[in-house]
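The structure appears below as structure tokens.
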């Protein structure tokens, strides 16, 4: 890194984010050893770089998702006032104005630029210096602050500390005196270490910081000091304007700055604000000027400054050394507990068992170490990307490594060796086509065009969320370059395509994706929370057993030391160290199965959540229906009405090229109004646009033919083209000339200007030049609903709505086209025209009609989801009538059911927004309406026969909403009415990306566990907001969703749900099995302790390694059941459905072991334990009988808990598990049949001889136990619990239990009202 110099430029820049496509192995990397103890995680944060596809809102809670935390904890912990707007200063949308004092300046040589910037962006000061503390969540003593990290959707508390030397020395002494035990405790409980050795200190003078998230994750970071001799404003840029206290300089010269690196984000201390800020909103004042200024590049001093502030442009994950990984692994509580257990067993003379467990632990540590190291290295290799780039610095072009790029650097993207963007950048010249599938899941290539002067101002003004208008110029780090077109300079020379770096390193989109992988958010899924509560309860039981065993052994005269060892041994039995690891068994197998089916998961904890889905929302086009629509034909105006469909484009074009008739304009619209590009000899772009263009049979060219022919006759236009370096594509008809003698260039249409499709506007437009004529036209295509607002009323045919309704009712997709002549429009004027000027006063041309085919699997999947009582809804940007038709064809709506479509009452149009009225009219019958207040059908059945059929159909009506109505309902409808609508609405059409996101949140507010399946950039926000998002994309890992399917079929939804349910059931089964295994062994050992006996060394080994380990692993390999059941599996570990059978099984285990003990003691060959012996007794009939019968219990309880249908296949279909059970049963019977006390295995297992009749009894008792355990698990225990619960409710006169889910309660209320 270059050292800073004394004299530096005061220009500023900004930092942002880079992102690369990570492969499917990332899923397994999240399953690393530590994760099973650190708790579940989920990478759900969305980088700001793609937030233009995402409505930035905080997610509401749902049963399965991370509930939005209350800041009460952080406020109380750090004694802070939370800022009012929910964002820190660094995150505020008014970031540029928050701290600017009226009339005070910060810059000297940049004052004019900054004032112009603030004036043009209409930015006004909001807070003065004295209000900074409250606004920023700063404590009164300056020791703490709260910071909202928008990209991570994370709010953290930051506190400053200094080390108290005397208490630190005391801490060291305590660690020595306790032989390291205190060190381990403080290591596992870092809060207590911080409170013990640290003293609160203002952030300005602190030596180290603690940063704590709302999830309780704590980090201790040393403050670094970076030498830096320059002004403060050069670090924080023009974004922050601070009014300094009287008598102090508001832009001081500093010699160094203080910072910490938190999760690969740099937090720099601002001395005037007394708080740490993230360097992600840094803006260069030059960006407010035009692009020509930016193209001048940077000077050496500015480069050194920015390297110093932002660091290298490199995503370099810290790779821990082998010794660090080994220490972290060995000092984990799991292995410390193992070491404690091994020492304990050795002291109790269980040497063989202790040695085996030690070997297994060492192998496990080494295996985990190797796997973790390999995973980290692979992730580092894939996230780390460097390449040579040509950059313009100090007035010269030079080649440097991409790691040396800094914000503001101008580099060439047309370099053939550049295939992936090394940083987030803004396109300055030329255009390009990129693949952004790893960001949005959108498999369609995206076109990028050069930024304008207005774009530069928008770049300066945006904070965290990149506006949609800027995305067309924005090049995201890690995205692949498909094609780059160089700008036009002259007929013999092409220019270079240039881009300016905007964000570097971990601040890029790629960096945000990597961070979301390595720092996943915890999920609030109740299973994980309950499982650790259950472990705590088992530990308490172990303590109770400890006390009773100690008292019993004491009465038998056993030495105190032996009593302590034996009693502590009970704790290792009741709380087996491997118990937490069983939580991941089902998830691991599920992820492996999904990967084989082409479904990749970057968030393993979402697998179990998918098993609880209540509602799935689908996008339509490309998800439910085919992406590549077939064009049916076009309908053009004939006279005063729209005519029949024309399936051939040959008769649309007039022989007079200057004519302005409807058919010709429709043809020109289809030929030009698109964003297609040629890549490797093939057209790429939106499939709908490709179908539309191919229908015209015109040809597309990017060879600049038009520009070469125009210079002689249109000098002004030619000069402008060369100045602006424009390369417009051209399209040509399939014939050489109609009937007139036109040259080839006369027939060309040059696409002079393109206004790309915007979801909110639902249209796109182009400005087109006709050959060598001066004639220029504007052509627009978009949703039919928006045409009345941009077209002349008199241009619409009389049957406009009738024709539109006909096609949409029948499921066709309709695109409307319009055009107008641009009078006296030159090329230069066309480039300066605003979109509003082009898209107004248009003449309607006609309709393009596409056939909206369902995908072959859509109807089957929807039917299976409906059969499983998983609600399905459609959320699309398409026409509402088309969507309703598709919904009926796929089974989302009943074919003969009523669908009501609300629209705004025309009489209330003039009223204020909140007072507008909705008219709820049935699509199938214009005479049937819903009452706007009760949402009940309001119809007179006098004319409708038969009445019973009409009533039945109306009782089960559904609702379809459009985006504008949905927005009004969210803002103004009464909550109870809105909830009622959400319960009945199945179709949501004309929804913008932000409205899709908000719809998911609304469903989550009703306690639905929501899934969303989509395929494009418009779905990105909804995919992230949903509890389970499934993106249909070719990319293996996408930031768009936790799940990515490379197959463009919604069958992946069924696969995810089935495997999620199977994984959830497997997790419960494995956990219950480990719990009952502990219970069986605890009961056995507790009974034996009454006679100072215990199991033998190899008996413990046989149970733990030969029986338990294979069963626990292989019982999780059961595949999901082929059909979805109506009822979802429970996710509550402490529910009666789980606890009742568990308690019943424990009682049954006790009874079987007690009966076995009573019978063996009555046998004439019974060998009792030695009386009054202080040594451990192993070789006696009590131990032999209980060991053998418990072996059957370990095996059979595994079979009982290996649940089959309706969530998993039948247990015998799990062939590996079946084989293990059979082998173990054979081994157990063999041990029972041993007779000769001289037999090797008799001696090894320290067994005593038994009679033939008793052996038969043990086998019979094992079979009886299995039958009782199986029937009890499946029928008896639950039935008994339900009966007792019902009887208790009757006696206490309690009401029936009310569902915790709001939507279920609302449905019940609706049914009661209908009755």
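Even glycines carry a Cβ here, placed using N, Cα and C.
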Listed range which Swiss-Prot flags as transmembrane segment, given the options 275-293, 294-312, 351-369, 370-388:
351-369
Which residue range, 1037-1056, 1217-1236, is the one Swiss-Prot calls transmembrane segment?
1217-1236
What number of additional C-beta atoms lies within 10 angstroms of the C-beta atom of residue 1019 (Mg(2+) binding site)?
35
Is the transmembrane segment (1254-1274) close to the transmembrane segment (1181-1203), in the sense of at least 3 CB pairs under 8 angstroms with a sequence gap of 6 or more?
yes
For the topological domain 'Cytoplasmic' (191-324), what does DSSP give as the number of helix, strand and coil residues?
36 helix, 43 strand, 55 coil
Give residue numbers and ranges for long-range contacts of the transmembrane segment (1254-1274): same chain, 6 or more residues beyond its ends, CB-CB under 8 A.
1141, 1144-1145, 1148, 1152, 1155-1156, 1159-1160, 1163, 1185, 1188-1189, 1192-1193, 1196-1197, 1199-1201, 1228-1229, 1232-1233
Six or more residues beyond either end and a Cβ under 8 Å away: which residues meet both conditions relative to the transmembrane segment (1217-1236)?
1106-1107, 1110-1111, 1114-1115, 1117-1118, 1188, 1191-1192, 1195, 1198-1199, 1202, 1211, 1242, 1245, 1247, 1249-1250, 1255, 1258-1259, 1262
State the three-class DSSP label for residue 1015 (Mg(2+) binding site), counting H, G and I as helix, E and B as strand, and everything else as coil.
coil
Tell me the Cβ neighbour count for residue 619 (active site, 4-aspartylphosphate intermediate), meaning other Cβ atoms within 10 Å of its Cβ, over all protein chains shown.
26
Any residues 6+ beyond the ends of the transmembrane segment (1100-1117) with a Cβ under 8 Å from its own?
350, 352-353, 356-357, 360, 578, 582, 585-586, 588-589, 1066, 1069-1070, 1073-1074, 1077, 1081, 1190-1191, 1194-1195, 1198, 1201-1202, 1214, 1216-1217, 1220-1221, 1224, 1227, 1245
Rounded to the nearest angstrom, how far is the Cα of residue 619 (active site, 4-aspartylphosphate intermediate) from the Cα of residue 1019 (Mg(2+) binding site)?
8
Within the predicted model, mean pLDDT of the topological domain 'Extracellular' (1092-1099):
89
Ten-angstrom check, please: count other Cβ atoms within 10 Å of the Cβ of residue 1015 (Mg(2+) binding site), all chains counted.
26
Near the topological domain 'Extracellular' (1237-1253), which residues from the same chain, at least 6 beyond its ends, have a CB less than 8 A from one of its CBs?
1096-1099, 1102, 1160, 1163, 1165, 1167, 1178-1181, 1183-1185, 1187-1188, 1231
DSSP-wise, what's the residue breakdown of the topological domain 'Extracellular' (1237-1253) into helix, strand and coil?
7 helix, 0 strand, 10 coil
